[in-house]
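Participant: Could you have a look at this structure, given as structure tokens, before my questions?
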Amino acid sequence: MAYVYIPVHNSQEEVRVALDQLPRDATDILDILKAEQAPLDLWLTIAREYFKQGKVDQFRQILEEGSSPEIDEYYADVRYERIAILNALGAYYSYLGKIETKQREKEEHFILATQYYNKASRIDMHEPSTWVGKGQLLLAKGEVEQAFAAFKIVLDGDWDNVPALLGQACVEFNRGRYLDSLELYKRALRVHPECPAAVRLGIGLCRYKLGQLEKARQAFQRVLQLDSENIEALVALAVMDMHANEAFGIRKGIEKMHRAFEIYPYSAMALNYLANHFFFTGQHFLVEQLTETALAVTNHGPTKSHSYYNLARSYHSKGDYEKAGLYYMASVKEINKPHEFVFPYYGLGQVQLKLGDLRSSLSNFEKVLEVYPDNCETLKVLGHIYVQLGQYEKGQEFMRKAIKVDPRDAQAFLDLGELLISSDPTAALDAFKTAHSLLKKGGQEVPVDMLNNIGVIHFERGEFELAEQSLKEAVGEGVWISFIEGKIKPKAIDAAESVHLYRDVRIFTELEEDNVPLELPWNKVTALFNLARLLEQIHKTEPASLLYRLIVYKYPDYVDAYLRLAAIAKAQNNIQLSIELVNDALKVNNKCVNALSMLGDLELKNDDWVKAKETFRAAEATDDKDSYSTLSLGNWNYFAAMRNERKYPKLEATHLEKAKELYTKVLVQHNSNLYGANGAGVVLAEKGQFDISRDIFTQVQEAASGSIFIQMPDVWINLAHVYFAQGNFSLAVKMYQNCLRKFYYNTDSHIHLYLARTHYEAEQWQECKKTLLRAIHLSPSNYVLRFDAGVTMQKYSTSILQKEKAKRTADEVRSAVAELKNAIQIFSQLSAAANLHFHGFDEKKIATHLEYCKHLLDAARIHCEDAQREEEQIRQRQELARQVALAEDARRKAEEQRKRQLEKRKLDDELKRVEQQEEHFKRVKEQWKRNGPKRRERSDIDEDGGYNEKRRRGGKRRKASKSRYEVEETGNDLVDDQEYLEDEDANVNYREFAANETQEQDGVTEENAQDLLAAAGLEDSDVDEPSSTAKRRPNWSESDDDVGEQQPESSLVRENPAERHESDGELKENAERPYGDDDMDEEE
């Protein structure tokens, strides 16, 4: 038992006070302390003892009295004890502010603590304990940097101050500088090795944060060696064991947690971790008990946040979303920032998303994303939320981010495909296929829903084989495969039972008796239904009906299967069976809008107008926003208006207005409803507003062209009707033909009748007749088509016979006669029919047409004879014109042939002349080269003797002038320069060729001139034939010497034109006198 001795004032006696027996009322102790003027350290000791015993009020009372102004005045010279009391009060209020959850009270506590520390500083501003207290206060307030400055002031004065070292270590830990914090803890331990075990706990936490798990474990174990009941160390070791993710480690961790719980059942940290463990084991009752206890024993914000989080998770997993949301919210309020503890934000976002609070959920998930920007789950959830908010592009952006973060996340691709399936089916299909391949590579099971979606997308795109492959993969193996492949077929039934074929399920009971498994898992029902729908689309009606009946047999509440069976029966014109199947669906759900609407359509087709109207009204009353029932009621009013058109015009207007109102209502609810727009267009067309209705029909047609499931031939027909009403027959014909080809494969007799009517109005009689004949082929029992064909033939014949004679041919008249005969035959057959009134014919009208056609036939004979005579005359004129044309053509061809022959002859002559010139040129060139040395010798003789043979011959010709002699001498002088001529062979050759060509041209010119004179009758009879020029050519070829002598003379003439003009007379004289044999002999 510990005692405190209070000295009696002015006496040697002391008052002994037992510390474990302190009075409950601290006033008695205070009176003693004041009366005896006890030292202030005794005041602090007694107050500390009260605090240890949990008597906080007495503790505060003693310290507040010890720091009163009276005490300060009395103990003015005592500084340390006064500072210690003030610091104790400051530390107490700092602790209260730290654990307080209410912000207002927290601030009040911090204000009081600040006041006490400031008062202590006024006594001694350099007291280290005061600065340490201030640092702790600032650390509790979260002002880490200012706390760092306060501790630094102490450490600058005393580096070994242990409280300052520990405070600074806490600051560095909170700043994330775990290595610096570790060094400070280690220094404090070196300064004071006897530190409490909690100091080593700080070392272990720093090691843990640095990833030095083994050293951290050693530090925690050392704490337990020093203090075997240290709860924090036990919990830390337990957490490390459980994070090992091994069964043995988890078991050891739970054992340590149990031990911590046994040592101190009110350790909030141990309670939270135990609750976390029991949550994963599914023991929610223990989770709730432990977390509620933890909340009761702690005021620490982060700890309470974990407790609320555990409690919220428990309720969340049980489906109690409202309570879970409340506790998640409480957990969020206990923390200041998401970075401290982000999990409650994620849970709160999930609960709010489940409850439909999309905006709040979005806000919480965005806070999670701030902490973990690459978290795929958060990115995917945000993508879904944005899609639900209508921000599709942003939602897809987040999904693509998730895929980019983890390209192997099959779930991310699956979610992206689900987002894109309504807006971009192609991209959705790619995403689904990627997810499919990733799951296959990973050896995981492919979800049935994904395979079903792949099949549906292929189905919508018209890729039926791929759709069937995907849907078969989705449903897997089963008896349905045997149905599809035809291995199991229903037994043959008689005609009476075939009426109720689609309600018969005996085949399945027989299969069960034969022990054939008929198990159909619930998650494959939708895929099997879609597979049956695909088979129905590709006209495999029998296996499709078997699959629908199997679904009905295994799941009798599946309404859609009944309705598809009813649709098949309706397509086979079995209206009664279809109505029975729809009634079966209504027994399952009498408020099924689809079933009621289908029943109304069947009753309308069965001509039960009153029941149909009641059924449509019941469907509309069941779901006021159902477009189909409203459209059906609008159609009912439109058909009623058409039925009462002639009998009751007022009712027609009323029904049309009601139909317009209903169609408008549908468009107001769903502005993209094609059927509502089509109905509105029909009503406007009936009212004569063709331009508006045409625009509406055009827009509906364009919108309906993009989907395989929207088959709207009606809008094509309506648009063609509008073109017809506006007189635009060509466009109407194209529209009818396109509709026939696109939707009915040219097999609908009604549209053929519309098309024939258009040709009739356009006066295209032959096209009208052909169209009607095709319609008769499709519907041979329709006598109206036969009557229309007869009228068309009659009209065609009349139009031909009414033409002017000049504008018609005999073939046309004969064709008109043939058509009249056919029309008479058709009208005769119709008049002979016994049931004319049944077909709606008037016997008198048919007789009138018959008589008119016979009259036309009689009149057509005269027209036919006239046309034949006129045709014969035209044929004769054409024959005469043909013969004249043939004769002219023969003459033209003969003239062209003669011209071609003349041109060919001229060309041949020219070619021969060129060849001769080339041969002559070659001979002259060879002779020139051989006779060159002889000419040089002659030149020498001329110089010595004074004259040569040429001069002798010139001497005989005394008429030669001096200029001729000069030319010859000049030529001889040029011949002497033989070496120069041999070096310039090319120039000589060119001159020789030019001289020869000139002579040839002169000769040709002379011949042409003679021909012209002869043609004019002016030919000169004195001119000898052949000319001297013609006789000189063979003489040149006879003597080599003459050629050698004459060639330079010719060259001189070309180079000296002036001399040539002077000797023209002599040349002409020589040209007129031919060379004789005597002259040649004399030269030789």
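Note that Cβ sites are derived from N, Cα and C of the backbone, with glycine treated the same way.
Just so it is clear, the model here is predicted, and its values are computed rather than measured.
In case it's useful when we look at the structure, here is the feature table from TrEMBL:
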- 197-230: repeat 'TPR' (REPEAT)
- 342-375: repeat 'TPR' (REPEAT)
- 376-409: repeat 'TPR' (REPEAT)
- 713-746: repeat 'TPR' (REPEAT)
- 924-1084: region 'Disordered' (REGION)
- 950-962: compositional bias 'Basic residues' (COMPBIAS)
- 968-986: compositional bias 'Acidic residues' (COMPBIAS)
- 999-1009: compositional bias 'Acidic residues' (COMPBIAS)
- 1056-1076: compositional bias 'Basic and acidic residues' (COMPBIAS)
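Each of the listed features needs to be described in terms of its position in the shown structure.
Facilitator: Within the same chain, residues 166, 169-170, 173, 178-179, 181-182, 185-186, 188-189, 236-237, 240, 263-264 sit at least 6 positions outside the repeat 'TPR' (197-230) and bring their C-beta atoms closer than 8 Å to a C-beta of that stretch.
Distant neighbours of the repeat 'TPR' (342-375): 305, 308-309, 312-313, 316, 321-322, 324-325, 328-329, 331-332, 335, 381-382, 385-386, 388-389, 405; these residues of the same chain sit at least 6 beyond its ends, with a Cβ under 8 Å from one of its Cβ atoms.
Residues 346, 349-350, 353, 358, 361-362, 365-366, 368-369, 415-416, 419-420, 423, 438 of the same chain lie 6 or more positions beyond the ends of the repeat 'TPR' (376-409) yet place their CB under 8 Å from a CB of it.
A Cβ distance under 8 Å defines the sequence-distant neighbours of the repeat 'TPR' (713-746), meaning residues of its chain 6+ beyond its ends; these are 674, 678, 681-682, 685, 690, 693-694, 697-698, 700-701, 704, 752, 754-755, 757-759, 761-762, 774.
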Participant: Can you check how the pLDDT averages out over the repeat 'TPR' (713-746)?
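Facilitator: That region's mean pLDDT is 93.
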Participant: Which residue counts does DSSP yield for the repeat 'TPR' (342-375) in the helix, strand and coil classes, in that order?
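Facilitator: Output for the repeat 'TPR' (342-375) reads 27 helix, 0 strand, 7 coil.
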